[in-house]
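Peer 1: For reference, TrEMBL lists these features for the protein:
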DOMAIN    37-282  domain 'G-protein coupled receptors family 1 profile'
TRANSMEM  22-42  transmembrane segment
TRANSMEM  54-73  transmembrane segment
TRANSMEM  93-115  transmembrane segment
TRANSMEM  135-153  transmembrane segment
TRANSMEM  200-220  transmembrane segment
TRANSMEM  232-254  transmembrane segment
TRANSMEM  266-284  transmembrane segment
């Protein structure tokens, strides 16, 4: 009976108290940067001057990033200061839902942005017709709906499992594999479903993204050096983010997990580091955004 489990204890990234205090400062700093950076991007990209599809996607990406890191980071950061970092059963299921909802939405938005870039670079003359406001709205709508569907399919089976034994989650947030380890039932089917669900989404979107970069590079064959430089400078930074985000997620979800402690340190990349880097990478290389930011600061 799942109601017998009132709360779970989340593990910290380190058992050492001194290290925990250092982590507290470092991750609090990361989280503050994430929220501040993404709030600035949100403010800037929602301004009326920047109305190309790219900024529309960026605006949603920043909102997702704030929500995504807020699902895991505050709980983890406060956990560095207490002996037992507890979370209620409902809170745990809610956190599991949130991580997968925002994480999956982010994957779909990054994929939509790749398509947008591809069209912009490969079909510049048809770009305004191909990337209409309506299509962009639909792409973002599908991203959110897809994230919601994925997350529901991921969370429901776990919420229905019986938890009666140990309640120490071998992770700093509630995720599929660590919870399956604690259930008092045979969870092989749920484990396979989770791998199929999360692993296939992250791997296939990763491949779509890589394909989009190949298409862009092929389309640049006859370009001048300046054209190459411009395309590569935007794509280079995006590839960095994509690898930092998709590498770890694919690693954690594509295989049935055996080593949870390794998953725990790898998860820091996609729950905290990437949401922090996104605003830096997508805006520092963009003249329009920088100009809009300067305007904002002058105000």
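Residue 1 is the first one shown; counting continues down the chain.
Using N, Cα and C of the backbone, Cβ positions are placed for all residues, glycine too.
No curator has checked TrEMBL annotations; they are predicted automatically.
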Peer 1: Mean pLDDT across the domain 'G-protein coupled receptors family 1 profile' (37-282), rounded to an integer, is what?
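Peer 2: Taking every residue of the domain 'G-protein coupled receptors family 1 profile' (37-282) together, the mean pLDDT is 86.
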Peer 1: With an 8 Å cut-off on Cβ pairs and a sequence gap of 6 or more, do the transmembrane segment (200-220) and the transmembrane segment (266-284) reach 3 or more such pairs?
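Peer 2: The transmembrane segment (266-284) and the transmembrane segment (200-220): touching, no.
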Peer 1: Does the transmembrane segment (135-153) reach the transmembrane segment (266-284), going by 3 or more CB pairs under 8 Å (6 or more apart in sequence)?
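Peer 2: Between the transmembrane segment (266-284) and the transmembrane segment (135-153), which are separate recorded stretches, there is no contact, as judged by 3 or more close Cβ pairs.
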Peer 1: Near the transmembrane segment (266-284), which same-chain residues lie under 8 Å Cβ to Cβ, leaving out any that are not at least 6 residues past its ends?
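Peer 2: The answer is 13, 27, 30-31, 33-34, 37-38, 40-41, 44, 58, 61-62, 65-66, 68-69, 72-73, 99, 103, 171-173, 175, 237-238, 240-241, 244-245, 247-249, 251-252, 290, 293.
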